[in-house]
Amino acid sequence: MTKGRRTAPILRDVLRTDPRLAATVVAMRLAAAVLTPLDAVALGLLVDAGLRGDVRAAVGWAALLALADVGSSAFNHPAGKLEMTLREKTNFAFERRLLRVSTAPHTLDHLERPEFHDRIEQARDRASALGDVLVRAIALLQAAVLMGVVLFALASVHWVLVALVAAAVPAIYLGGRGEVVRVRGDERAAPSLRLADRLFGLAANAGPAKEIKVNRAEGFVRDRFGAASRRAYRAVDAAEGRALAFTVAGWLAFSVIFVLAMAFVVREAVGGRATPGQVLLVLALAIRLTEQVDEFSGAMSGVRRALLDVRRLRWLYDVGDTTPAVPAPRTPAASGPAAGDIELRDVSFRYPGTGADILRGVSLRLPVGATVALVGENGTGKTTLVKLLCGLYPPTGGAITVGGTDLRALGQERWTAALSASFQDFVRFELLVREAVGVGRLDRMDDDAHVWDALDRAGARPLVEGLPHRLRTQLGPQWPDGVDLSLGQWQRLALARAMMRPYPSLLVLDEPSASLDTAAEHALYERFSRASHFGAATSAITLLVSHRFSTVRMADLIVLLRDGHVAEVGSHDELIQLGGVYAELFELQARGYR
Ligand SMILES: Nc1ncnc2c1ncn2[C@@H]1O[C@H](COP(=O)(O)OP(=O)(O)OP(=O)(O)O)[C@@H](O)[C@H]1O
């Protein structure tokens, strides 16, 4: 497909964002473009009428002068405001598309691929280009129409004066070249500016500033910030110097013609072939033209720059090629319940774009109703295995089945609906408490009794009862009346979120108590161990990832991962009897607590 054809749908979308608003802005800008040079025409005619002693005509031209001046401001000013709205609306429409692209795949791997992530980030940075392209194109149209009116008015005095408009062409061209040089300078400065921005964020935000202060690294950050900003401005200053040379050359050419045109019209007036009003008219039009040279070259390079950015966004429209599809199921789509024993058969996994298998030959059966604990050293692949079980990645080798059905045949949507999970790096949803918990099951978000039940199951009721507006408390200190929570309190809400689905087929608790205090952790596991806890009561499989062996020991089945494969499996007693790595680690931790 050609470049033009692939850019066209983007531009069409830009126009479709709010066509009525866009048409209003265009109409206002065009009206202003016609009215603006009319003031020069009215001024010239007013002077001539005055010199003739024709008071009625003078009053008429004065009225036109006032109308042209007031009218052009009356159109231009609100048009500027409407353009801001148009730009914002276009940005939002684009961000909606970006969000759709990022969230469309059911799997996670596209988000973890650095090149996809970079592209999304860059696309977001360029989102303003779409609004810009429209607004700049309108500015270009306005400048072109205005110059057309000026050309017509000059020609009405004498055809030679058309040279004045012709002289604007090299000035516009050289001004445009200057803009291109400026843009390149900005691009060269961008990495240093980005670095300076990140460094500023490190020093000025409470979170990272803690570490900076404790390590006495303020001077280091300040020096790096200074060096990065100096680098950025060196690039910008050099570009400004060259751009200025282009602009000055353009203006010199225009000024020479300007002076010659004025000399010509004055000579015509002296010879009685032009009136004083026409001299004034040409002078006023030349001034208008001077303003437009700047406008036109600015708008032209703006459109060019925005189009360049728009072209870089074309991949979003071909996103079907860039987001990896979940491999086609080997078996036909299943229709039975997404429940039953989970079985992993010789599962291996490698993150996209990496060279090593993180999981190798993992074979396991997770029986219905069981609590299975996954243990192992840092980086052995526990969270990776959890992501596979949640269907966030398809295995690169082997298969995962639920009740005998391959997860891929089950369909990610159905499997996600049967899952519930709370992750170690839980999200702090800065919403109302009811919503932050209700996200766990959207169709019951507004059911207060259901939310309270989930809070009960996560042991978070006392926390919410202590908040100023209970379920209706706004979370997040930067919102009006928003409250902040401690890390452990946020984790309790994350747990409650996982409890919104009381009967999942798989409940994943990845380090669910990492931020909980001892009493809260104890209460949590008490609740789990009661009545062979949750799993047996609901036929869910509970998968627990934890480094706390005192917690792990109550699981029905303990799986020890080592270097991406299953090293030991069994109950606590069996593994202690085995006297292997689990027994060693358990003993080590138990000794630590004595
Ligand atoms: N998105 C990713 N892309 C590439 N490699 C990854 C990705 N996520 C994790 N890894 C790598 O996979 C390995 C296993 O990571 P994983 O998070 O599964 O370990 P873990 O056992 O859960 O560790 P921990 O106990 O520290 O939470 C690590 O070497 C890690 O660097």
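Residue positions begin at 1 at the first shown residue.
Using the three backbone atoms N, Cα and C, a Cβ is placed for every residue, glycine included.
Automated prediction, rather than curation, is the source of TrEMBL annotations.
Quick look at what TrEMBL lists:
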type	residues	note
TRANSMEM	21-46	transmembrane segment
TRANSMEM	58-79	transmembrane segment
DOMAIN	127-305	domain 'ABC transmembrane type-1'
TRANSMEM	133-153	transmembrane segment
TRANSMEM	159-176	transmembrane segment
TRANSMEM	243-266	transmembrane segment
DOMAIN	342-588	domain 'ABC transporter'
Tertiary contacts of the transmembrane segment (243-266) (same chain, 6+ residues out, Cβ under 8 Å): 157-158, 160-161, 163-164, 166-168, 170-175, 177-179, 181-182, 185, 274, 278-279, 282-283, 286, 290, 293, 297
Leading contact stretch, 21-46, 133-153, 159-176 vs the transmembrane segment (58-79) - CB distance under 8 Å: 21-46
For the domain 'ABC transporter' (342-588), mean pLDDT (0 to 100): 84
